[in-house]
Each structure stands twice: as structure tokens, then as C-alpha cells.
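What Swiss-Prot records for this protein:
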- 59-82: transmembrane segment (TRANSMEM)
- 145-168: transmembrane segment (TRANSMEM)
- 184-208: transmembrane segment (TRANSMEM)
- 280-298: transmembrane segment (TRANSMEM)
- 335-358: transmembrane segment (TRANSMEM)
- 374-400: transmembrane segment (TRANSMEM)
- 422-444: transmembrane segment (TRANSMEM)
- 520-538: transmembrane segment (TRANSMEM)
- 562, 571: [4Fe-4S] cluster binding site (BINDING)
- 578-599: transmembrane segment (TRANSMEM)
- 653-675: transmembrane segment (TRANSMEM)
- 664: chlorophyll a' binding site (BINDING)
- 672, 680: chlorophyll a binding site (BINDING)
- 681: phylloquinone binding site (BINDING)
- 713-719: transmembrane segment (TRANSMEM)
């Protein structure tokens, strides 16, 4: 039996007691530190109990809670689309009407923020990409958005119920959580395989015919509703004739009959500037097949298929000792180790997604909505950055809390830890090399520019440093369609090269992105900042348990301020502090990436094209020359772009000016926590408490300055 019935009583009285999960915190506050510890430890299930089964159940229950919150959030997005948006007006004229789903109430003149977005609608322009996603899904009216919003709330309720049910009524036993083969099969075949198949089915039966009609200029009110396509095959055959043949071509393996709705064209739809939706339907069907096969690969009840333990233990090379022996035990008993790997993979994938959003814009009219393109790129870069740093955080927690050196001898993990000095010192050298050389190229250019010697600068018009390997990769992909798949008419992305340019309503959706000296320079800044981030995070993981400075670090835990009194120079060495510093460098990395993307696209891709074919880019193609100096970045990018926001007061853009101001206030607030020491605040607090005592209004809970760790946490959060 894999389920335990009624393991934990449902008690509202217990839940109402703050800190009920911890013996110490349940006693209540003596100082204000209590409230911070409450926040820090509420979800640190390791600190509640040592029982791995109970910890696993809590994590499992929390996942349902997380899903419920996501459903509520999604419901809100869809509800705004239904109640406060100009979706239907946008749908009928997406090139002139801007998307808006937020209206500011007219309290003391705030209606100035509601600009005219077109279609007779006043509101704040949104940049989330939901309109484009809804159009691609085949949503044609606001009632459908209402229904989806209600459906999402119902699902949120189900998720909350499931979270309670699987912790309090029928909780899985530890063996269920550790049955990795079954979990792999179900997640691969069910979640990814059937999930992709369901989406492919929706695309084929609902989205494709609706989008085909919309592309042809049919009014959204005239388009048949989704159920009409599903119930009436005649309407479908008008859009895609092969539907008349039913499933006969499928079972006779004559699959090419379906090539009217399952295509492999490449490039973009010239009407919408998005990927061909017939390509994406084909893609999801193919992905579904792959994952359905993958979901039958692992050995469970019938003695056939792969065993994860066998794969890991066989994974050893001539120079790697015991290889991955012992890793199976780690990954089935340490959820931190499991999470670290998943976060690293998902973080990398999210960053890849951010690049696909502009190189292969997946939804109709997304590529010509520049503000949304910028927002989606930024969003996915940031999320990816957080996930990668989170991977290092949980890897370090694993090292401190879950790693048992006695069971890991001479396997890959042990060997990496034993030669950590070589790894970190080499990585440090790489960072120094990249930092001095990449920055040095810019300093050289600034100096030559200041001295009036443009011929001695590194640029496309003087001393060229062309990214030849990147150009070779681009060229290979640009030439691929002719020699790879039979029906591929264009490259996977038109950014690779060639002469194709897609414009929608005179606005450029995509064009080849040529790389030159300016990109070569900033690329090495990317390499530098990313390597420094990795250096800090990896050092935190590899030295989480011990170092020459603090040999017994593992005993001090994941986060600690210093190695006790009398040991000066041992502050800020905990694994937590490495995550803290790693976050700052992750921010550094992403800032440069977003600057590069934003300027490059405005300079070389985005803009307008006249009927005569004359192209006008937003910043007039100034990236290649201006971005080769630090001064160019400051003057022609940062100031040139920020000045519009700073001067936006009194117009409907002032919301962005206020956000810009507010963001800088939040940032300055963070520095207050990072630049002043704990003792400063403790001294100040005690003086204020003295004054309260004089007036006999002193609180029972003794006020106390934030600990060093807490102060830095507040600081990094607001940075």
C-alpha cells in the first residue's frame, strides 16, 4: 500500500497559532527578530522535522498550493481581458490598436494615465503578450475569456482541495516519492506527452481554422465558435481539405495527406509576423510522439526498460573513478539535490526561451509589438537568472544538510570536491582574463575616440574584430533549408541571415541580424559577467561544508554571519552569502544582456519600411558604431532612452516615469540596508526605545535590529 490514511489532523486552532511548525517560534515573540524568523522558517521544512517522508508530503502539498495560486493569477489575467480590455477591437485591427487590459480609476486626476490606445479605448498599454497568445489559441470574444477565468478559479479550488487531501486525508508514503522510474514514465508520457498531444489537438481542430479566417480578414464576430468546428467536419474541410479523408491516411501510413495542416515551412507568416501556426501544430504533435515514447522507457512492473540506478552506476569513464555511483541514493533522499539539478536545467531552458521569443516569435502580431517583445525577453531572462542562482542555493543546502561524505568515495562528486581548489583558481583566472580584456577593449576605444583617432579604434570601419564563428553558425543555418527537410521553405529563424525581411503593416517584424565588432565586444562582457556569477556560486557550493579558513563550516549551517567571536575576518563566508553575492552578479549579467538586446533590436531590426522599400530603424542603425565605447553606451543608449521617461510627466506615459523614479527609490532603499552595519541600527533603536520608556509607551516585544543575514536579505531583495 502506497498511501497512509488520515496521517495529520486538520486543526484550524493549530494553524491559527503563529509559528506552530517550530517549538521555538510557537512560544511567541520576545524580540522583533521573531517575526523575521517566522518568515525565514515557515517553508524551511527541514527545520520542522527530520522525517523525510513528512518533508516529502509537505513539499507535495505545497506544490498544489503553488498551482492554485498560478490558477488564481491566470484567472485574474483572463478576467481583466474579459472585463477591462479592448481585446475584440485589437483582434479586428491588431496593427493599429494597441493592447490594453487595465484602466486607471479617475481619482484626483489619475485618468491622465489612460492614453488613447486606439479603437476608441482609453487605458494603459499592456506588454504581457496575452492578446497575441489568445489570438493564437483561437479566442475570438470576451465571453470565452470570462469562461476561462471562471474555469481557472474552479481549478484553483480543486488544487487547494488536493493539497489538503494529500497531506491530511491520503498522504503518499516515502516509497511513492522515491519510485523514480514510475515518476519518469508518468511525467514524460502524461504531463509532457499527453499535454502536448492535447494542445496539438486544440490547435488543429480550433486554433488553425479560426486563425486562417482571421488572417483572411473575416470579422471576429463572423468566425464560427470552437464547438462548431469540433462538431461539424464540413467547416473544417473548407479550411483544410484533408479532413474529408478522416483517419484513413493515418492508419494507411499515408501521412503526407495531412500536410495541409501539419507543415514544415520555416520562417514567418507574412500576414501576422508570427510562426506558421501549422508549423507549431506539427511541432507539438511531434513532441507528443517523442514524449509518449519516452514515457515507456523506464522499468517498472514488467521487468523491461531502463533502470535509473543502473544507468547512473554504469556512467563511468577511464578517468572518473567510480563515476556516478552513489548519485541514485543522493537524488532519492535529498530533494535539495534534485531541485538544484532541475533549477539549473529549467533556468537554462528559460533563457533559451527568451531568445526564441524574438528569433522565432510564436504568436500572431507579437513580433511587431516591440514593447511586448522587450518585456517578454526581459521577463524570461530574469526568471532564468533567478532559477540558475536558485540551483546553486539548493546545491549548497544539499552539501550542508544532506551530503554524507562517508558514502561518497571516489565518485565524480567526491572527485570534484577534492580538486575544488584547482577548479576555483582556474575559474578565477578566467574571470580576471575576461574582465581585463573585454573591458580593456572598450577603454582602448574610449581613449582613441577622445584623442580623435577613430582609425585606431576596434570597430567595423577601423580595426575589425569580427565574430567569425558566430557568423559561420548563422550562415550554416541560413543555408540549411535547401539541403535538409524536403518541404522546408525557409530557415528556422529569419534572423540567421539571407535577404528575407517580414513586415506587417509597414512595421518590421523580423530581419537578418548581422553580427559585427560591436557584438564581439559586448559578447565578451557577457562572458565575463556570467563567469563571475558562476565563480561565486560554484565556490559557494564547493566550499559549503569546509574550507581552510573554516574547516568545520558544515556545523555552522547554510547561513551564518561569522565564525563566532574572536575570529575576525570570517564574516560573510556562509553558503547563503555566496548566493547573496551571486545574485548581484546575476543582476549585472542580465542588465548587460537586456541593454544589448534592446539597443541591437532598435538599431538593426525594429523600425518601419516604406512602400518603396526604404527602411527606417528606430535608432537609425547606430549600434555598430556607438556601442564600441563606454561613452557611447552612456550617451546614445542609456541617456537617449531614459530621457523620454524622465520627461514623461504630464502625459499618459507618466506612469512609466513614476515607476522609473520608484524603482530608483527602492534601489536606494536597498543600499541603506547594505551600507550601514548592524550595530548602527541597534544603537539607534536603543535610543528610540529609551524615549518610549520615558513616555511609558514601550512595546512588550523588545525591538531588535535585523541580523546581518536578515539585513542583507532585505537589501538584495530591493536591489
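Each position is counted from 1, following the chain as shown.
In case you wondered, yes, glycine gets a Cβ from its N, Cα and C as well.
Annotated features taken from Swiss-Prot, shown on the structure.
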residue: 562; record: [4Fe-4S] cluster binding site; Cβ neighbours (10 Å): 17
residue: 571; record: [4Fe-4S] cluster binding site; Cβ neighbours (10 Å): 13
residue: 664; record: chlorophyll a' binding site; Cβ neighbours (10 Å): 10
residue: 672; record: chlorophyll a binding site; Cβ neighbours (10 Å): 13
residue: 680; record: chlorophyll a binding site; Cβ neighbours (10 Å): 11
residue: 681; record: phylloquinone binding site; Cβ neighbours (10 Å): 17
Cα-nearest neighbour of residue 664 (chlorophyll a' binding site) within the listed binding-site residues, 562, 571, 672, 680, 681: 672
For the transmembrane segment (578-599): best-contacting stretch of 59-82, 145-168, 335-358, 374-400, 653-675, by Cβ pairs under 8 Å: 374-400
Non-local residues, at least 6 beyond the ends, that sit with Cβ under 8 Å of the transmembrane segment (184-208): 136-138, 226, 229-230, 236, 239-240, 261-262, 277-278, 280-281, 284-285, 287-288, 290-292, 294-298, 300, 308
Positions on the same chain near the transmembrane segment (59-82), where near means CB under 8 A and six or more residues out: 43, 45, 101-102, 128, 130-131, 134, 142-143, 145-146, 148-150, 152-153, 155-157, 159-160, 162-164, 166-167, 172, 177, 335
Surrounding residues of the transmembrane segment (335-358) on its own chain - C-beta under 8 Å, 6+ positions past either end: 55-56, 59, 366-367, 373, 376-381, 383-388, 390-395, 397-398, 401-402, 495, 510, 597, 601
Separation of alpha carbons, residue 562 ([4Fe-4S] cluster binding site) and residue 681 (phylloquinone binding site) (Å): 19
Alpha-carbon spacing, residue 680 (chlorophyll a binding site) to residue 571 ([4Fe-4S] cluster binding site), which is rounded to whole Å: 17
